[in-house]
């Protein structure tokens, strides 16, 4: 039981690192998600992304 907490913390930290590596930030300004599709298709090859804080974020 003593090892459970450290293993759980390590699992959470590793999961956070893997999830943040999966997104590509661009400098393309946007006001809605549909403006990001063409940019994401050029950057990562897939039209999968969204507009966050006025910039396109793409997901490969």
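Each Cβ is built from the backbone N, Cα and C atoms, and glycine gets one as well.
Here is what Swiss-Prot says about this protein:
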SIGNAL    1-22  signal peptide
DISULFID  30-51  disulfide bond
DISULFID  36-56  disulfide bond
DISULFID  40-58  disulfide bond
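Following the DSSP three-state reduction, the secondary structure of residue 30 (disulfide bond) is coil. Cα distances from residue 51 (disulfide bond) to the disulfide-bonded residues 36, 40, 58 are smallest for 36.
Only 56, from the disulfide-bonded residues 40, 56, 58, place their Cα within 10 Å of the Cα belonging to residue 30 (disulfide bond). Its Cβ taken as reference, residue 30 (disulfide bond) is surrounded by 19 other Cβ atoms within 10 Å in the chains shown. Geometry remark: residue 58 (disulfide bond) versus residue 36 (disulfide bond), CA distance 8 Å. Residue 40 (disulfide bond) sits 8 Å from residue 56 (disulfide bond), counting Cα to Cα. Its own atom aside, the Cβ of residue 58 (disulfide bond) has 24 Cβ atoms within 10 angstroms in the protein chains shown.
In this structure, the disulfide-bonded residues under consideration are 36, 40, 51, 56, and the one with the smallest number of other Cβ atoms within 10 Å of its Cβ is 51. DSSP assigns residue 56 (disulfide bond) to a strand.
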